[in-house]
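What TrEMBL records for this protein:
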- A:245-476: domain 'TOG' (DOMAIN)
- A:610-640: region 'Disordered' (REGION)
- A:24-62: repeat 'HEAT' (REPEAT)
- A:101-139: repeat 'HEAT' (REPEAT)
- A:178-216: repeat 'HEAT' (REPEAT)
- A:217-255: repeat 'HEAT' (REPEAT)
- A:256-294: repeat 'HEAT' (REPEAT)
- A:295-332: repeat 'HEAT' (REPEAT)
- A:338-376: repeat 'HEAT' (REPEAT)
- A:377-415: repeat 'HEAT' (REPEAT)
- A:416-454: repeat 'HEAT' (REPEAT)
- A:494-532: repeat 'HEAT' (REPEAT)
- A:533-571: repeat 'HEAT' (REPEAT)
Amino acid sequence: MAGAAGPGIGPGAAGGDGDDSLYPIAVLIDELRNEDVQLRLNSIKKLSTIALALGVERTRTELLPFLTDTIYDEDEVLLALAEQLGNFTGLVGGPDFAHCLLPPLESLATVEETVVRDKAVESLRQISQEHTPVALEAHFVPLVKRLASGDWFTSRTSACGLFSVCYPRASNALKAEIRQCFRSLCTDDTPMVRRAAASKLGEFAKVLELDSVKSEIVPLFTNLASDEQDSVRLLAVEACVSIAQLLSQDDLEALVMPTLRQAAEDKSWRVRYMVADKFSELQKAVGPKITLSDLIPAFQNLLKDCEAEVRAAAAHKVKELCENLPIEGRETIIMNQILPYIKELVSDTNQHVKSALASVIMGLSTILGKENTIEHLLPLFLAQLKDECPEVRLNIISNLDCVNEVIGIRQLSQSLLPAIVELAEDAKWRVRLAIIEYMPLLAGQLGVEFFDEKLNSLCMAWLVDHVYAIREAATSNLMKLVQKFGTEWAQNTIVPKVLVMANDPNYLHRMTTLFCINALSEACGQEITTKQMLPIVLKMAGDQVANVRFNVAKSLQKIGPILDTEALQEEVKPVLQKLGQDEDMDVKYFAQEAISGIAARARKLDFPVKDSDEPSVPGADKNHFWRPRGPREDTGKGPAYQLHVNTRDTLARLEMAELVLFFPKQRLIPLD
Amino acid sequence: METKLPPASTPTSPSSPGLSPVPPPDKVDGFSRRSLRRARPRRSHSSSQFRYQSNQQELTPLPLLKDVPASELHDLLSRKLAQCGVMFDFLDCVADLKGKEVKRAALNELVECVGSTRGVLIEPVYPDIIRMISVNIFRTLPPSENPEFDPEEDEPNLEPSWPHLQLVYEFFLRFLESPDFQPSVAKRYVDQKFVLMLLELFDSEDPREREYLKTILHRVYGKFLGLRAYIRKQCSHIFLRFIYELEHFNGVAELLEILGSIINGFALPLKTEHKQFLVRVLIPLHSVKSLSVFHAQLAYCVVQFLEKDATLTEHVIRGLLKYWPKTCTQKEVMFLGEMEEILDVIEPSQFVKIQEPLFKQVARCVSSPHFQVAERALYFWNNEYILSLIEDNCHTVLPAVFGTLYQVSKEHWNQTIVSLIYNVLKTFMEMNGKLFDELTASYKLEKQQEQQKARERQELWQGLEELRLRRLQGTQGAKEAPLQRLTPQVAASGGQS
């Protein structure tokens, strides 16, 4: 669709007359105004097809006028139209005719719905680049001026986004006019327009000549930054970043800083929040000198702001701020001017503030070095590790690697352990999930001894968690641990414990054994898999719960590639064949899947087959097994098909489906 | 941590009847509310009002106003007003209890005095009064504790400083309502900036505060003629921002309530400005997600407009049809309710202009799988006036709805809906038996035609797609000579490939 309008089409190449007899415009137009919105929408989305069928000439003379005249449709249709027109230049005959697209887009840029307007502006910006300089002056700039003086705020709002694209290519006389237009929008009566102008101020400043920036943009900026509405003032803060980059230090001090200082102390927390949020950008834009003289004191105020939102935003920026300070004297500044405030935030009353701080505070250790970290930061880390809010503790733990590089994790391990244990047993499963994900990292940093002693039992406990997502994460955690600590460790510590669970009375735990085997077999290698895991899996094929049995089939398929041919032939095949005759439909299905999977692999290895043979299903299937339904042909109706999905994301849902599925014939429903 | 309200300090002076702020609305549906069930740890309240005043002076009680001779009254009054301009931290409920009590007593006395004593409001006290009020009420509202605050479900954050704030609002109200109040003097202080800040407070989450603001803004609008246009303009800015930028403003219902009474008083013929407000602000307001919170007030405003000027009906109905909810059945029911209110006051001459699109929409609602939507739409036929309009225009209305009704009567899952549709079809039959028979007869034919049309459409698009591909290939062939415009060859080569 849209590809048709891509750059592949040379100007005029798609010309020529369309097949009039076949597609009179009336028919197409009928489609474009069908009563059914969905059909109209479909037609609009194929607008490029229509245009191509009509040819460039008739697109210009018939289609575009029609589109321009009938813009009173559902917003959804208009949005699609606005989007299409942005790629239409090729379809109207190339850059020479790009201006033909302006009338419909102009109307679209004035509609009420913001999404449509924004899309129209985006398309106009795109098309502006395709205009020749002459066409830009003759058609595009007048359009911007018309929009900028529109009656209703919508057109004036849209105009704000178009100045910066036409200004650089306009003649000097026109440039003055464009600036004048923009000035008037910045002082518009409607706050919506002032907000739009303020949000484009930075962008516009960048394309202006430096003199104009100083003489025109700066006053506008000062004005907007002291607007009566805080929603306008806060946008000026954003513009400040762009403007500051353009000015010299002296000009900056004289023209911008008074306003910025004022914004950092604005009476509205939204404005102060914005300053905090943009702090790193501001810091880079104003340079080190002003940072030291002005921004640091402002930052201190933001860190002790009366609004928690502002404090949290500032806390987020602590690390970046410190990183970006000039290296010379950095340590002193941080120690004397920042750290005291951080210390207070550690015991803030608001948990969002503390957690924002916890997410960055560890990063300071690399900046401050070993001694300072131990003396000043460590107490803070330890305090946060004991925080009542789990998010704070989690944020600390998730950033341990930064500290590890500087002082080694041992310093923390005494406090770390209780924190980890507590998180590992948190009542919220998402918290438990989060801590599991850091286990491999922690294990790597704490070393195998510490791990075996303190953390191993936690990892095993997660395997029998009552939330599936936790058990699943615990399984993949084990795999990562084995990758870290090696197979010998696995054989001694993990595998026996996992295999014991195969005799658990709870079928969910028995299935966990299978899932663990799926995950571990590859990391553990052939020997452990064949000698220790396989017997257990095979034994479980006689389980009384169907879910376990078909998971056996799945596991066998999974570990098949690791086993040698002998084991496959002698041990796996008979079991799968038996499962293939199971009374349960799904067990049968998965057994058969496993057999064909293993068979296909075996054939590939043993005797090369011709390409053409490969995709066909092995004949054995059809002969030996009754197929309840063609799983691949049947489009997702049967339960087996639904169960066939085994991506990570769907597993949790899958388990529920399995439960529901087997509920009626379950002889023994173990409860968690 | 629950809301930290300081210990019982209900104002001793009763609010005047009818103005007492309503308590937060209690639902009596017997269901526990989600917010009560959900044990959400509350963050401590914050209010931007209280930035620390480090050099807080100690307040000492002044003599009572009634105890001083008339000559000293005004001096004492302005000292009391100054005392009431001192702000306290209500987040810390034990901080400076004595000061808070002094201010509370002073405020109570001021409320009493301005409401009952004549001759107090002389020109020199106006600036002091307005300053005291401004210092107390104007503040940047704190960030919402709950970013997904749902006014229907969640408990609002109550303003911690309410024990003082309420008295200030009460005082402000009595000041405006005092027989001695002179708008000509006050307008120097109650200016556009003041009104703008007042309007911003309508975003307060505390319903008690919004209730006071509503009454106050109403009085301001009534007494300050010079501010009226400005108030209307700023209201519409708030609404437009609410519709197109934020979707969050707590005081929409209150502002609409005031506007309802303002619209009621519009002179005829309506100014263009007012009509534009209806079409470009009030109608788009229907598209907002949280419509249910202010729908009653909005529908009232719309109907007020139509009662003033019936020629606006077409605009309004077409507007509503444009914003008709696509996925939210709850809103759809509200739209249907509003539509019926509009139809109740519609003039027959206006009805004919919109009957067809309107009844096509009604038919779509009847076919909604949500039975409440279908039911609400079918209730239109219980309305005598609507029924008479349908009857007068049955040659247009019936064909617009017949096909859908007929089909839904056979397919809807809900028996109540099916029987309601049968009733409607029966009224049609009684209304115009001949037309009914014709429609029944043509129903099948139309179905077939529809299928035919769908086939044709598919063919059309297929043909177009093929043509496009041919053209693209042709283009690629002709790419070397891109400026050939008069190109039978291009067309021909397109045809060949």
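For all residues, glycine too, the Cβ spot is worked out from N, Cα and C.
What TrEMBL says about a protein is an automatic prediction, not a curated fact.
The structure displayed is predicted, hence computed values, not measured ones.
Within the chain, the repeat 'HEAT' (A:494-532) has long-range Cβ neighbours (under 8 A, six or more residues past its boundaries) at 460, 463-464, 471-472, 475-476, 478-479, 481-483, 487, 539-540, 543, 545, 547-548, 551-552, 554-555, 558-559, 562-564, 567, 668, 670-672. Mean model confidence of the repeat 'HEAT' (A:338-376) amounts to 87 (pLDDT, 0 to 100 scale).
Listed as Cβ neighbours of the repeat 'HEAT' (A:295-332) (distance under 8 Å, sequence separation of 6 or more from its ends, same chain) are residues 261, 264-265, 269, 272-273, 275-277, 279-280, 282-284, 286, 288, 338, 341-342, 344-345, 348-350, 352-353, 356-357, 359-361, 363-364, 367-369, 372. Same-chain residues lying 6 or more positions outside the repeat 'HEAT' (A:377-415) and placing a CB less than 8 Å from one of its CB atoms are 342-343, 346-347, 351, 354-355, 357-366, 368-370, 422-423, 426, 428, 431, 434-435, 438, 441-442, 445-446, 450. Assigned with DSSP, the residues of the repeat 'HEAT' (A:494-532) fall into helix, strand and coil as follows: 36 helix, 0 strand, 3 coil. Each residue in the repeat 'HEAT' (A:416-454) gets a DSSP state, and the totals come to 34 helix, 0 strand, 5 coil. With helix defined as DSSP H, G or I and strand as E or B, the repeat 'HEAT' (A:178-216) counts 33 helix, 0 strand, 6 coil.
In the repeat 'HEAT' (A:256-294), the DSSP tally of helix, strand and coil residues is 34 helix, 0 strand, 5 coil. When the repeat 'HEAT' (A:295-332) is classified with DSSP, helix, strand and coil residues number 28 helix, 0 strand, 10 coil.
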